[in-house]
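Okay, so here's the structure we're looking at.
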Amino acid sequence: MTRNYNFSAGPSALPEDVLKQAQHELLDWHGLGLSIMEMSHRSKEFVAVAAEAEQDLRDLMKIPDNYKVLFMQGGASSQFSMIPMNLLRGKTTADYINTGDWSKKAIKEASRYCDVNVVATTEADNFTSVPAQSELKLNPDAAYVHYTPNETIRGVEFDYIPDTGDVPLVADMSSNILSRPIDVSRFAMIYAGAQKNIGPAGLTVVIVRDDLLGDILPTTPALYDYKVNADADSMLNTPPTFGWYLAGLVFKWLKAQGGVEGIAELNRRKAEKLYAVIDSNPFYSNPVAINARSWMNVPFILANADLDKLFLQEAQDKGLLNLPGHRSVGGMRASIYNAVPEEGVDALIAFMQDFSQRHG
Ligand code: PMP
């Protein structure tokens, strides 16, 4: 069996140890003679798995007690509508920062429910930077401020947490959750689709401060009501049990890597060495402002785009998979999430240097 290095943006690489453990437990979970995905979500066994996963996530992110952790479905995109449904709370406008494709999707969806005030946009520089705090034209009467700390497609990551005063701050952390320590208490709500740093697709994690629960738009479906979900321990209906279980295994794995602090050190090293090659070798380039470069998604282009196909083919032949950039921007993108080992980044760098020597 060969495991290749997988630079997919999502669904993306999972830790090999986690996959092996899931494989080992698949047919017979803990001696019960059935798999975890074949038992009731209300069984005492699954309820314990679910609670342990939540506790491990709380430990990893140091989530304060006044926050609920919800394990939902529908992907991060479903949160684009649940956020206004739950967090407008009688107000009619919300502030959004636009730093790229995912911000834009969140804005478009929220516009169906409220007046969206775009408080800063980096569209003019083709989404290659983040706005400074001083550039945010925040409205003190906004229901909340939404932003995307890491834009997955163009590899743009905030190097600071916006200060929004008393206005609740909401963050789409789909592509950088658990990649480095953050102060959860600065946020009113954090959400993430699981399929990058958490587990398989199908699960969405929502972390929300409990004083914001319970004042929803009247037409909100019960399934989309954070308070109803919180009161039901995210088991209002059948949750994605296998994804929840697997996320729990990933959280244990992450604890064994030294937690978020430990993995952050590794993530910083991986990103720094990859950007160093892109910046020092004229064959490659990345347009993102240095302070806004993502640790998780590293897009780059070749000096000669005619060689793109050959680059990708040779990379694939060497077991370096899923390097094409997003279909909307082209070029290359290496997503180097928590589960991509440093050796994978080293192998990519060695290939990039070798390729440029042969074709530069
Ligand atoms: N936000 C960000 C930052 C993303 O990267 C993605 C997916 N790549 C999404 C939202 C949408 O996630 P989902 O497919 O889970 O709806």
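Yeah, the Cβs are placed from backbone N, Cα and C, and that goes for glycine too.
The L-glutamate binding site feature in TrEMBL is assigned to ARG42. Around the Cβ of ARG42 (L-glutamate binding site), the same chain contributes MET235, each under 8 angstroms and 6 or more positions distant in sequence.
Neighbour list (THR152 (pyridoxal 5'-phosphate binding site), Cβ cut-off 8 Å, at least 6 residues apart, same chain): ALA9, GLY10, TRP102, SER174, SER175, LYS196, MET296, ASN297, HIS326, SER335. The secondary structure of THR152 (pyridoxal 5'-phosphate binding site), as reduced to three states from DSSP, is coil rather than helix or strand. Annotation comment: TrEMBL describes ALA76, SER77, TRP102, THR152, ASP172, GLN195, ASN237, THR238 as pyridoxal 5'-phosphate binding site.
TrEMBL lists 5-348 with the feature domain 'Aminotransferase class V'. The average pLDDT computed over the domain 'Aminotransferase class V' (5-348) stands at 98.
The N6-(pyridoxal phosphate)lysine feature in TrEMBL is assigned to LYS196.
Reduced to three states, the DSSP call for TRP102 (pyridoxal 5'-phosphate binding site) is helix. By the rule that a residue counts when its Cβ sits under 6 Å from some atom of ligand 1, the recorded positions ARG42, ALA76, THR152, LYS196, ASN237, THR238 yield ALA76, THR152. Look at THR238 (pyridoxal 5'-phosphate binding site): DSSP puts it in coil.
Counting every protein chain shown, 16 other Cβ atoms lie within 10 Å of the Cβ of SER77 (pyridoxal 5'-phosphate binding site). Taken residue by residue with DSSP, SER77 (pyridoxal 5'-phosphate binding site) is part of a helix. Around the Cβ of ASN237 (pyridoxal 5'-phosphate binding site), the same chain contributes LEU223, each under 8 angstroms and 6 or more positions distant in sequence.
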